[in-house]
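Peer 1: As annotated by Swiss-Prot, domain 'tr-type G' applies to 8-283. Sequence annotations record features per position, and here Swiss-Prot assigns GTP binding site to 17-24, 81-85, 135-138 based on sequence analysis.
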Amino acid sequence: MSSKGDLSRCRNIGIMAHIDAGKTTTTERILFYTGKQNRIGEVHEGAASMDWMEQERERGITITSAATTCFWNDCRINIIDTPGHVDFTIEVERSLRVLDGAVAVFDGVAGVEPQSETVWRQADKYDVPRICFVNKMDRIGADFYACVDMIKDRLGAVPLVLQLPIGVDKSFVGVVDLVEMRSITWEEDSLGAKFNYGEIPSDLMEKAQDYRARLIESAVEMNDEAMNLYLDGGEISVPLLKSCIRSGVIGAKFVPVLCGSAFKNKGVQPLLDAVVDFLPSPSDIPTIEGASASDPQKAVTIKSSVDDKFVALAFKVMVDRFVGSLTFIRVYSGKLTGKSVVLNSAKGVTESVGRILRMHANNREDISEIQAGDIAALAGLKKTTTGDTLCDQNFPVVLEKMDFPESVMEIAVEPVSTADQEKMGTALSRLVAEDPSLKVCVNSESGQTILKGMGELHLEIIVDRMKREFGVEASVGAPQVAYRETITKSAEIEYVHKKQTGGAGQFAKVNILFEPLPPGSGFEFENKITCGAIPKEYIPGVQSGLELVKETGMIAGFPVIDFKATLFDGAFHEVDSSPLAFELAAKGAFREMANKAGPVLLEPIMRVEIITPDEYMGDVIGDVNSRRGRVAEMQDRHNAKLITAFIPLGKMFGYVKDLRSMSQGRAQYSMYFARYERVPENAVDNVMKK
């Protein structure tokens, strides 16, 4: 096994895909073939070890990311299995933030699906090198070559084919290894544990030679020695070819494509070989950038070294009924032992580490030490939340925080028993600590508790967890759309807050420029005060006031997004000014701005993909139009049509029932949040009435 200090023999990878592409099934085979577990857990039987939550086993889907560690070819592989459903995309986001590489699993029949695109873009965001595994090659309709084309066309990637399938559908028996130019077939009675190398079938030899020539031509561009040898007509050895492929993967020049059928126990061992051979180790990504905790403008370079100061990022928090709060971290440099004290530089507090745990889904193994490249869980931390940096107290550095998506749906919840009100508050506070995409607030008018999340399934799971894990049964209101507001024009506001009450009064003057920002920008605050017009101790009051008041809206009480507020001038009074006075002045400036900056209402727009038999296409498109939807694309999908449309979320309630009705149950759909758009003038009144 790899030595603890050898970073080159470590891989931190994620398994990512669209729902039902076979991520967890692939992970279960990996754990079986690496000897991590002695039996294969099947998703459809509710026995997958990585799907440990009751809801996951009942529904056959992954809801929360699960971590484990296994060994292959003297290499330690830390694996995070992520969800494929769009409602739990936050789990993919925070996992990719701390991983060095990823395996993207595709359904060999469906190819690149909507959530495949979403997770691919998330991996692009964090520059995560990846390899592709075209799964389910045993299924009727599986088309490896069409899937490769979709990886190129829909993902904008450069696929580098390393394998070809031997056989199609039920006759799929193995793969052609283009690197070694041999066949690999699996013995079914061994559950795929035994496999054989052999000659390439004669009917595939010409195609294999063609694809290998393409492989070599692309790969040698990564290495001058290999390129010169290739141009001189020399033979490219297998070790040199692998080295070229590895360089190209780490440099994001291309993505290797392999194939198999995890459920039929074919193709997983070569996938593991590819993880070790081609995906980067922590030492291949030698430095990361952070900022000084005392001076955020000062960049700090952190080396991926066991010998440097300890730096780690907390990427997940979960509550374990036996251990309490567990904080999952990725260590970027240095070492950490149990019973240590570390600095949470994001919050400016120290934390005492109780136990260090290596996780296998929800099973725990105590370990004495972790070091650069490790992923583990810490017990005993009290104040650390997702995205916080943990570091040596003598090296206060802050890593880039994580961005979390806006919620698109909300529900009102009340405990069935009034005696459970306090228990519900405790339950929700713990669930929010675990899930940064879940927001909880109280409606100031009705007093109702409002849950805001990523979709109906997300919120349904939260309510179910309250009941199962905390014993709180809640009555739930109908789902509501999470509308937003924004501004369309710039406005410069001068506002004076002045109040005299006999004793010390209140005085604050602010000059703020409000400007619209591009969609998805959120809220930005900039301080441009010079010459002490407003003392620096009052500036946080201005920002706090704007942060609070923007949540109350301008038109219909919905949060305001995608705007910038620049504080450029103001005035204060030596006696009557205070942070509170400036907070109130900022709120007043915001309310005055609402009349001048062209406020508009925004609604979440969903990307909806509908697969329907040809004979129902007209009805389906007509229905899309009736929902204020826009058809963006239509494609042939075997004997059906794939319709891609953009439809307001508010028009999608009850759609599953309507689609079944108009297609006699033969059509299906999936939807994903795309963006916020302005509500048309003729629809604003209907939204306001809600």
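Positions of Cβ are set from backbone N, Cα and C atoms, glycine also.
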Peer 1: Where does Asp20 (GTP binding site) sit by DSSP, helix, strand or coil?
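Peer 2: In the DSSP reduction, Asp20 (GTP binding site) maps to coil.
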Peer 1: Counting Cβ atoms within 10 Å across all protein chains shown, which of the binding-site residues Asp20, Met137 comes out on top?
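Peer 2: The most densely surrounded of these binding-site residues is Met137.
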Peer 1: Around Lys23 (GTP binding site), how many other CB atoms lie within 10 A of its CB?
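Peer 2: Neighbour count, Cβ to Cβ under the 10 Å cut-off: 28.
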Peer 1: Where does Thr82 (GTP binding site) sit in the DSSP three-state scheme?
Peer 2: coil
Peer 1: Tell me the Cβ neighbour count for Thr82 (GTP binding site), meaning other Cβ atoms within 10 Å of its Cβ, over all protein chains shown.
Peer 2: 27
Peer 1: For Ala17 (GTP binding site), list the number of other Cβ atoms lying within 10 Å of its Cβ atom.
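Peer 2: Total other Cβ atoms inside 10 Å, all chains included: 29.
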